[in-house]
């Protein structure tokens, strides 16, 4: 299962300056545009919008008052020619119009040196300094002119423009008003006063000023354009459109109006028309920095990043201190993975605007990706110093602490981000991940619900919530989320793979295979899907290309282990695969390390353990405190097998604690264990760190892991090491690979010392068989010689020899099935009884058998039955055929208790040898254990052809059931207690865990001290 999360860093373009008024969302604008021009209109006109990271063009659209035909100025009194002053003045105006401000400045300064009181020259000097962004000198020159002529309205207008650029809007407004008072018909001053009012958010007054300017001068294109901006800010799209069209009708070369029109269509999502109009703007005005910036944004939105970069560079050439352009250029480099260039340009953006909040945040992202985490933290902190509730910076700091496994600190940052914004999904998503890791599924789901509230179409959020539902057993809800995710984003391979996993869990195996194949079609290099598809195909005996599939999967595993990546094959699947036992050990080790990582995220200090004092010694506890941890206390094979064990422990010597990781299922098995165990604690709703604390506070001396790597396990509890001795037993027939698990309880046949190198734990060999069962206590009625079931009840022929295998189909492989086909052909009057386990495998196995010459009536499938019926009906068969790759464990015990002999072939790994141990513990196992597939086939045929020999074996097996060690639960419990006391005594003597073999000699292995 693959958990999926969205990138919480939110690497975004910097926002524009604070809006002057709430603007309608793009969808509203888009709708209105379609109403005006039609959904597919082309060539229409629009207005400027300010997308994230764009310039606010309202300012650019209010020109400075100059001595040219674009401004209505006070006529100047002609002066006599004095040398070449007028020539310099003409040349200064020409240079100014050409944009050569430095040359214009030289001419004006030449005049100024000869005649510092010439007001028309002072006005032009002020304008030149304005264009050079030296606003203080602009103001100074206009003040010099006003000292000479206090009624020079244009000087007040130009000085107001400079004050506005310096951020003193109130003083700018006062200057504009004086200019208008001096000259009420000063249309440019009215237009620029509108700009100042707009900056103050006084939109109605701004609109009135624009209209007054146009009443005075209907051809004032700036006022038309600015009025359009005001209409757009109020969502009046038609009115804005009309204003821009009128400006362009008057002056088709008015670049600012083209730019504002482009912005309108960009905001409406019509990027192609926006592109056309922005190009027209920069064509008309090649130094139009704002238009180049927005043209870059359009290219970026179209995925044309190289073109965007060129536009941002043009914007910077036109305005060398353009911080926003540097920021957007940096963002584009970041998206291309060019971190050095991104970092360089973010720093330049900050150099030109030290209060550029988003640049600090985005620079932090780039530095973090470059591995410079300390510098990234400094940037995020600088961002928060400017805006202490900046949600992205808080989220990004949370991410860093999450990567450092400082979960409580990370959670505090995410909660801080959530407290200042309700519209950002990333902190909810990441906080959910923390809650989920800690087992707090209710809060995790609540956070994912918030993610989906913010964005109902967030496919990642649906997948993550689905994963959480799946983990807590709400699989139908998980499937619904996955289906919604693939509907929203059909190309999302992870959603298809997780849907497949959920289908598999609900026995919809064919649907699972289809979804896994779709995931791999979308992403051929998808290790998890490749490995899980193989296991799903195994479950239905689809053996096409089996060898090549296993070779591919083994290659994936080895590569992942080499790269220290969590393998895509789970340990529980690996035990049934034909892979090298050492490779299986390495898989378990990686999963154990992952559990340690999860445990470390809780930040718990090391636990203090009970003192190493023998329990019966002075100062000892008097009784050995043993804890069993399991998610399977209920209707589960583990409880069927161990139901009596917890109450059978000798309370004079052992104090038993059961910690249930699953909720009460109301079954008789749960009720029995709960009532018979001395202490039973339901910890299913508690986080793993709380469970570990409870275990430690209970002073548990030996803690038993009954899950291993099976469903519902929470191995991070053991990774926290709440007890001094930790043991793996029963739940997982293989090695945990965990340094925090000291012992594996097994037996000498299942885990011979010669195979100890494939285990990470020290091996504890119990006498006879390690695999406990509860049949003598719970299923004694099966021994009734009168069978309540008949062959006819299950479609079994009365006159045929019935071979049977009730193991799950994933345990089968072509080698064993070919052997079974050979047996059936050599014993013509026979049939093989299998279970639909799952049903989807029946068709394939029938076809496989037919292809090998087996008659259709020789393969019989029946449904899975309840436990009691399953054991009873097993006796209807004549001989059980085990699967060597992974034996029948619980099933093997079932059929032996039913008195049905078996044939089993032990291999090397633990899961391949359990059935052999079961057989030997009956006392008649030598006749049931073979050493090769050839011997397996010969033994089966010989027993089928020699009814007397088989009957003799059956009789011996049935006779041994009440006395053999295999079914003597009380004896087994005594021997387990011997092992526990040996472990504790080794610990008390200061010795490290070491392997040992338990014997039933009280002097050597007492079970009570």
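Using N, Cα and C of the backbone, Cβ positions are placed for all residues, glycine too.
What TrEMBL lists as region 'Disordered' is 1-26.
What TrEMBL records for 13-26 is compositional bias 'Pro residues'.
What TrEMBL records for 119-152 (among others) is repeat 'TPR'.
In the predicted model, residues of the repeat 'TPR' (153-186) average a pLDDT of 94. According to TrEMBL, the feature repeat 'TPR' maps to 153-186 (among others).
Per TrEMBL, repeat 'TPR' is recorded for 187-220 (among others).
The annotation repeat 'TPR' is assigned in TrEMBL to 221-254 (among others).
Taken from TrEMBL, the feature repeat 'TPR' applies to 255-288 (among others). Secondary structure of the repeat 'TPR' (255-288), assigned with DSSP and counted as helix (H, G, I), strand (E, B) and coil, comes to 27 helix, 0 strand, 7 coil.
Annotated repeat 'TPR' per TrEMBL: 289-322 (among others), in sequence order. Look at the repeat 'TPR' (289-322): DSSP puts its residues at 27 helix, 0 strand, 7 coil.
According to TrEMBL, the feature repeat 'TPR' maps to 323-356 (among others).
The repeat 'TPR' annotation in TrEMBL covers 357-390 (among others).
Per TrEMBL, repeat 'TPR' is recorded for 425-458 (among others).
Positions annotated as repeat 'TPR' by TrEMBL: 459-492 (among others).
Sequence annotations record features per position, and here TrEMBL assigns repeat 'TPR' to 493-526 (among others). In the repeat 'TPR' (493-526), the DSSP tally of helix, strand and coil residues is 27 helix, 0 strand, 7 coil.
The domain 'O-GlcNAc transferase C-terminal' annotation in TrEMBL covers 540-778 (among others).
What TrEMBL records for 789-976 (among others) is domain 'O-GlcNAc transferase C-terminal'.
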Problem - Secondary structure content of the repeat 'TPR' (221-254), with strand meaning DSSP E or B - result: 27 helix, 0 strand, 7 coil
Practice task
With DSSP as the reference, give the number of residues of the repeat 'TPR' (425-458) in helix, strand and coil.
Solution key: 27 helix, 0 strand, 7 coil
